[in-house]
Amino acid sequence: LVESWSFLDTAESDFRPLVVIELAKGTKEETIEWLTKRIADKKADGGAQLLIKPLVTENGVENIYLVGASHLRLLLGAETVGLVKECSDNSMRTFTYSSRKTFKHFADDNHNFLTMAECQYIIKHELENLRAKNEKMIPGYPQAKLYPGKSIVRRLLTNGILVQIFPLHDREELKKLSHSWYGRVKVGYQPLDDIRCYFGETIALYFGFLEYFTFALIPMAVIGIPYYVFAWEDYDKYVMFATFNLLWSTVILEVWKRICAILTYRWGTLLMKRQFEEPRPGFHGVLGINPVTGREEPVYSSIKRQLRIYLVSLPFVCLCLYFSLYVMMIYFDLEQWALDYHQENESNFSSLMLYVPSIIYAVVIEIMNRIYRYAAEFLTSWENHRLESSYQNHLILKVLVFNFLNCFASLFYIAFVLFDMKLLRQSLATLLITSQILNQLAESLFPYWLQKRYNRRMKKRMCSKKTGTDLSLAEQITMEKEMGTYLGTFDDYLELFLQFGYVSLFSCVYPLAAVFAVLNNITEIYSDALKMCRVYKRPFAEPTANIGVWQLAFETMSVISVVTNCILIGMSPQVDALFPDSKMDLVLTVALVEHLLLAIKFIMAFVIPDKPRDIQTKLDKLEFESLEALKQQVRPFQMQIHFFLIHH
């Protein structure tokens, strides 16, 4: 690999722009010269050895630069980041430049061996790992301090010198993907492999989970319709439905693990080695030595971080939870007012008024969730976590706790304090349907409308000027740099998590919840696809092997749903009538059934393997081969030691 770097030439006549770098207006010339030189310098000199050119428009050179790389550079970068590709014998192996001929579809003149998303991921990795050598500051900006080993790109971002880095869309490929994905209404699977090739594994896995979850909801929806129509008040008839629901929630989550393993093995990310995590961009502290890497980097006391978490963040979260409960009690006052109004007037208008408090409360819940999200992001950033994974875990925990209480507290109160099943049904239906409509409007339709208006204005402005040969690229970049930035799959998974709660927590009270969830998810697939292709800038591909902490979140929700459904069934008049003499017997019976169902859930989770047998066999085979290869490397050294011991 080292020899390959030395022969690598950064000059390539056929320059293909892959990534756009936008600098702040008024960035000093010495800063631009220094940055472009560091990006183009050879690896041996501490550079990224990439190709970089300024974007030339009618107005001259703007502070926008296009970054690409030669074919050889990208292949060497693929080895550096540990990409896994399919070999000629159909096995999946980590790509190495020395063994490149053994990989399927590889040829020296085949520039499509790596997907465009993989090429952009490699460039992003190289830019992020462009580190300061002996510089003490960014040239031209004395306040932007540097030290050996500091990521240059991260320092430029935190100091506002670098506005953004984003990958370019491939217009032709995007057009093909859009047509096969959402361009026509059809009954069938999404083109997940095409989505993965264009957007990367993280986004493809989200859409795979969304599709799988939608299909998994169909049995619940089909069974729920007759229960809703024919057994409205007979809660004892819901025992079988609730039991099926609880077992179903376990099976679908376990089967998803297997499907996830199949997808990520095919995409190569199941085999990718986890890279050593660098400090996140916002992390700050006193300059010190990392005991693992030996490099200089900021060091921040873990005691200070814990004090911030427990003395500031935790009380703030508790205060927000209290405020959420306070708003909930106002909602119940409105419900009582609407009920009194209906009893006094008994009209069609008063009947409609019964749903108004729930609709208002659903809107308030969505507003509170979004405001709290900003506060949670600020607090988690202020806690100064060193790693991005630690930051994400703390943020997810804060958001999940608040969203769970904010969305479901009123339902628990109605079910277990007021014991009003009719109001529970009404509130559950109103909250579910209203939240789905608001999410569709806020996340997809409204941003799409704004982006369409902006694109129309930009096209008119471009058409009014003389068009040159390169103006199409300049127009594309000008339009894309103003598009919104996709902030990841967090909100999308959160929406599915809350939907799963609405469907599973009180399934025996409102069986139609699964029907509305299926209808919402079908439109969600199309609206999210539209959002990815038309509303947001293209995000960088991010390799992943699973859906991460969300798997645990869904499994926790399914456990809670066992408890709630067992209690609801135990509270029904029909079950209560079976224990006329002793309520303690009823409580013990419900507890026994609940423990039995939980035991069945955990047994099923244990019995169903996380990976299919053939995938596990392939993984074991690769592990065996890597150990054998390691032995072959160590054997000459062992023979030398053996020879030395014999003769001495």
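Cβ coordinates are placed from backbone N, Cα and C, and glycine is handled just like the others.
As annotated by TrEMBL, domain 'Anoctamin transmembrane' applies to 195-620.
Summarising the annotation, TrEMBL assigns transmembrane segment to 212-232 (among others). Listed as Cβ neighbours of the transmembrane segment (212-232) (distance under 8 Å, sequence separation of 6 or more from its ends, same chain) are residues 238, 241, 244-245, 248, 252, 255-256, 259, 496, 500, 503, 507, 510-515, 517-518, 521-522, 525.
What TrEMBL records for 309-332 (among others) is transmembrane segment. Note on the transmembrane segment (309-332): residues 357-358, 360-361, 364, 368, 372, 375-376, 379-380, 382-383, 394, 398, 401-402, 405-406, 409-410, 413 of its chain, located 6 or more positions outside it, place their CB under 8 angstroms from a CB of the stretch.
Feature annotation from TrEMBL assigns transmembrane segment to 352-372 (among others).
If you look at the transmembrane segment (395-416), the same-chain residues 6 or more away from its ends with a CB under 8 A from one of its CBs are 313, 317, 320-321, 324-325, 328, 331-332, 361, 365, 368-369, 372-373, 376-377, 379-380, 423-424, 427-428, 431, 435, 490, 494, 497-498, 501-502, 505-506, 509, 549, 553, 564, 567-568, 571. Residues or ranges marked as transmembrane segment in TrEMBL: 395-416 (among others).
Counting residues 6+ beyond its ends, the transmembrane segment (496-519) has Cβ neighbours under 8 Å at 209-210, 213-214, 217-218, 220-221, 223-225, 227-228, 235, 238-239, 241-242, 245-246, 249, 400, 403-404, 407-408, 411, 415, 421, 424-425, 428-429, 431-433, 435-436, 550, 553-554, 557-558, 560-561, 564-565, 568-569 in the same chain. According to TrEMBL, the feature transmembrane segment maps to 496-519 (among others).
Positions annotated as transmembrane segment by TrEMBL: 586-608 (among others). When Cβ-Cβ distances below 8 Å are used as the criterion, the transmembrane segment (586-608) is approached by residues 243, 246-247, 250-251, 253-255, 258, 555, 558-559, 562-563, 566-567, 569-570, 575-576, 578-579 of the same chain, each at least six residues removed from its ends.
Tertiary neighbourhood of the transmembrane segment (352-372): same-chain residues 320, 324, 327-328, 331, 334-335, 337-339, 341-342, 399, 402-403, 406-407, 410, 426-427, 430-431, 434-435, 438-439, 442, selected by CB-CB distance under 8 Å and a gap of 6+ residues from either end.
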